[in-house]
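Record features, source TrEMBL:
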DOMAIN    24-195  domain 'FAD-binding PCMH-type'
ACT_SITE  Arg168  active site
ACT_SITE  Ser245  active site, proton donor
ACT_SITE  Glu341  active site
Amino acid sequence: MTGMQLPEFVQRDVELASRTTLALPGKATFWAEISNVDQLRQVVGSSALRRFVLGSGSNLVFSGDFDGLLLHMAIGGRELIGEDDDAWYVRAGAGENWHQLVSWTLEQGWPGLENLALIPGTVGAAPIQNIGAYGLEVADRFLSLEALDMPSGRLLRLDRTACRFAYRDSVFKQQGWHLDACRVITRVTFRLPKAWQPLTAYTDLAAELDRQQTTHPTAQEIAAAVIAVRRRKLPDPTVVPNAGSFFHNPLVDGVVAERLRWTHPDLPCYPQPDGRVKLAAGWLIEHSGWKGRDLGCVGMYEKQALVLVNRGGAQGAEVIALARAVQADVRARFGVELTPEPVIL
Ligand code: EPU
């Protein structure tokens, strides 16, 4: 098909349904399991192909077949690479499971990642969309990462500033690294401060700790409470396929938020340092009549309207159609634009 030489470990015509948490059907023309940097260097010559790096597929929508090369990130390993008076420094391979990393650091007695327990996905994907939950973002515990610059074959090191983190955003998304696999994240290093402070202000988390009558929670107890909240509100992708929040919480001008609050006093609003206000997309979707409502084989989850779920047998096109319908209704009712959070291919 391409006339190019692909290494032997590249497979052909690989089914995708079991490779993403939304379980949409499709196939990839080429698929490579990447366990080390050397294998990445071997696929550099595939640049004529469309390429994409896939972790555990928990933030991804395949709208159909993928005619190109999928690089399945499986670089493993996790270790304490250093320690000083202020912090522990932990490095992990991009293919490591995120939640397993969180659990392992807590078992070792290095707190700091507990609020991010049970987030699906891999370590390498975490900085791309700056994963966050319950008052913490990965940027808050990030030291640096290594990425392979595919054209030159050189390993780059990016620190926190170079990553330009923002709400569910980073330089990788801003420059489209995640879309053409021009630079591929291989390892990430975290900085876990020894002066640990529990972060328990997030409403759902505070309520859960209250329920458990935990007044001075340990990091392990916070992780357990986060897990309990997530299990109660968010569908388990192995039971009800989904990709987590399907839209970003929209950031709007302060004046726009004020106007909306005037007509909808219970709309949850989170003022940002730059004067903008973050709105709760789940609330907007619920109040547009979509909570628990289906369109074809997909729907918006009954316990959390921000999560789009596959009720069974859905096609990529149905996901796109539902997303558009929800966007149109939220726009018509509130004048607010919702943007999808997962990558849509
Ligand atoms: N809400 C509703 N109806 C709903 C859902 C939410 O009214 O159906 C209201 C809630 O009552 C609350 C507000 O919206 O007042 C916020 O809801 P919630 O605390 O459940 O969080 P979220 O803003 O919907 C975000 C993240 C989640 C993360 C949680 C907890 C985004 C896009 N989503 O959701 O992240 O777990 O906060 O920190 O920022 C993900 O990114 O995939 C994800 C699950």
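From the backbone N, Cα and C atoms, a Cβ is placed for every residue, glycine too.
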Taking only the CA atoms, the spacing between Glu341 (active site) and Arg168 (active site), expressed in whole angstrom, is 8
All-chain count of other Cβ atoms within 10 Å of Arg168 (active site): 18
For the residue listed as 'active site, proton donor', the same-chain residues 6+ apart in sequence with C-beta under 8 angstroms from its C-beta are Ala281, Gly282, Leu306, Val307, Glu341
